[in-house]
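K.L.:
Pasting a structure here, questions to come.
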């Protein structure tokens, strides 16, 4: 008997699992709101230098603009320059051609926006851009704000990944809900941009804790046969969350109220999360068999199998997990992700997959204004494309396998992004369609990432592994906004980088073992044996070594050819 048999005995797909998964998935709906909040709270409104103090406000706005602001190189009113003195005589110029000709004279003195900016707030009533004037010389701070948030996600992945393997999934999930609620509330009332970034950093940390522990609590309480469907359902919650964000942002045009709206529900999530059951699989492997048995009996009672649950005792649990428990002596940390040959290869490949997926995903999804389409419409399209993308990846994972699905999604995404570089900028519809296709492939890759990684890492360090790859993903997400700034120097460079990274990582994914239909590994030894049984990987590893290598369970050494 294995742990999966004990789970079947108490009910592996009963009322408990349905309620458990549902309550865990509800907060995922608002995870997308925090991840993509920047698209709406940091909208850059049309802006121009404020008029000189001696300009009468009785003039029409277009007249004030004419005598105050010169034209830029594209023949449009400059956003960051104004005349050193009002050009009153331009009010007498009735013909546009005369005005334009005069505007382009080189002997007119101009200066920066010494008296601030005027904003056209028809799209949003307020944004962090208009409140703190993050324009012109300070325009890079917009991307910096998102980078700081992703830095919080990175730190959270590093911190919460290891802590949850040591102290449990449930307690870290509770703390993450509370941290998200408090940090989001404080960010909504931030008096300055630096304070706003500080609390957004806290939101990022909380998001990592939520994602990592939610997924592990789901996957460790369900049987192998339904992992793909449940994992995809969780992914769809994130997709629906993107659409919810659009609706909230459309009706709530003030950035402070929008931030507060997507943060307050986490107080409710914190309260009902006390009901969650800690993973019995984790409890058994961490020398807490009494609590593991207690939770199994509780699950049996909820599922209407109380008699079967009463038959389970500590001896039965220890007997069922004898092999796993005998291999869990000592403590584990992030170094164990690289200690053995197969774990090393697996972690390196997963790091590349997660980093490039997140890097390209946020490169496409975090600057909606560049498409020249209504930001609400493009966000709906970007969210809706996840629906068919995740259907396709679910079918592919179930019938073709995890490895080809992961690699294929990344390579196709990279190709569509690179093809977009060849499309002229005036072909907005074609460019948007290719971007949407690429984003859909990256969303499918993310969906595969979470399920595939959870199946690859063993229970004893699953959260550490998930934390590590999530941290790598946040490195990609942190760098992605900054790459956009390179377009000021070479317009096609961001697209080349965003497209090339997924293709390279898709090739790296061939070093991962297939997990379709396989039980969850509980120990590092299980992982080593899984690699040993993957003849394709052994062939690849054989080609990549200078000498013939013989692999045993925990080490490798030069000897006879691989059989």
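Glycine is treated like the rest: Cβ placed from N, Cα and C.
According to TrEMBL, the record shows the following:
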type	residues	note
DOMAIN	104-517	domain 'Major facilitator superfamily (MFS) profile'
TRANSMEM	147-164	transmembrane segment
TRANSMEM	171-193	transmembrane segment
TRANSMEM	199-222	transmembrane segment
TRANSMEM	229-251	transmembrane segment
TRANSMEM	257-276	transmembrane segment
TRANSMEM	345-364	transmembrane segment
TRANSMEM	376-400	transmembrane segment
TRANSMEM	407-423	transmembrane segment
TRANSMEM	429-453	transmembrane segment
TRANSMEM	465-484	transmembrane segment
TRANSMEM	490-512	transmembrane segment
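Relative to the rest of the structure, where do these features sit?
P.N.:
Tertiary proximity for the transmembrane segment (171-193) is limited to same-chain residues at least six positions away from its ends with a CB under 8 Å from its CB atoms, namely 27, 34, 128, 132, 134, 141, 145, 156, 160, 163-164, 199-203, 205-210, 212-214, 217, 256-257, 259-260, 262-264, 266-267, 269-270, 273-274, 276.
Long-range contacts of the transmembrane segment (199-222) within the same chain, counting only residues at least 6 positions beyond its ends with a Cβ under 8 Å from a Cβ of the stretch, are 7, 12-13, 16-17, 20-21, 24-25, 27-28, 31, 34-35, 145, 148-157, 159-161, 164, 169-170, 172-173, 175-177, 179-180, 182-184, 186-187, 190, 230-231, 234, 263, 266, 276-277, 279, 281-282, 299, 450-451, 454-455, 459, 462-463, 466-467, 470, 474, 520.
Note on the transmembrane segment (229-251): residues 21, 24-26, 28-33, 36-37, 39-40, 214-215, 218-219, 222, 258, 261-262, 376, 379-380, 382-384, 386-387, 390, 393-394, 443, 446-447, 450-451, 454 of its chain, located 6 or more positions outside it, place their CB under 8 angstroms from a CB of the stretch.
Residues 146, 150, 337-338, 382, 406, 410, 413-414, 417, 435, 438-439, 442-443, 445-446, 449, 453, 456-457, 465, 468-470, 472-477, 479-481, 483-484, 494, 497-499, 501-502, 504-506, 508-509, 511-513, 527, 531, 541 of the same chain lie 6 or more positions beyond the ends of the transmembrane segment (345-364) yet place their CB under 8 Å from a CB of it.
Sequence-distant contacts of the transmembrane segment (429-453) (same chain, six or more residues past either end, CB-CB distance under 8 Å): 211, 215, 219, 227-228, 231-232, 234-235, 239, 350, 353-354, 357-358, 360-361, 364-365, 371, 373, 378, 381-382, 385-386, 388-390, 392-394, 397, 402, 405-406, 409-410, 412-414, 416-417, 419-420, 423, 465-466, 469, 473, 499, 502, 512, 515.
Remote same-chain partners of the transmembrane segment (490-512), defined as residues 6 or more beyond its termini with a Cβ less than 8 Å from a stretch Cβ, comprise 345-346, 348-350, 352-353, 355-357, 359-360, 363-364, 402-403, 406-411, 413-418, 420-421, 438, 442, 445, 452, 456, 476, 480, 483-484, 537, 540-541.
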K.L.:
Under 8 Å between C-beta atoms and at least six residues away from its ends: which parts of the chain pack against the transmembrane segment (465-484)?
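P.N.:
Residues packing against the transmembrane segment (465-484) from afar: 143-144, 146-147, 150-151, 153-154, 157-162, 164, 204, 208, 211-212, 215-216, 334, 337, 347, 350-351, 353-363, 366-367, 449, 453-454, 456-457, 493-494, 497-498, 501.
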K.L.:
Suppose you look only at the domain 'Major facilitator superfamily (MFS) profile' (104-517); what would the mean pLDDT be?
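P.N.:
Summarising the domain 'Major facilitator superfamily (MFS) profile' (104-517) by its mean pLDDT gives 84.
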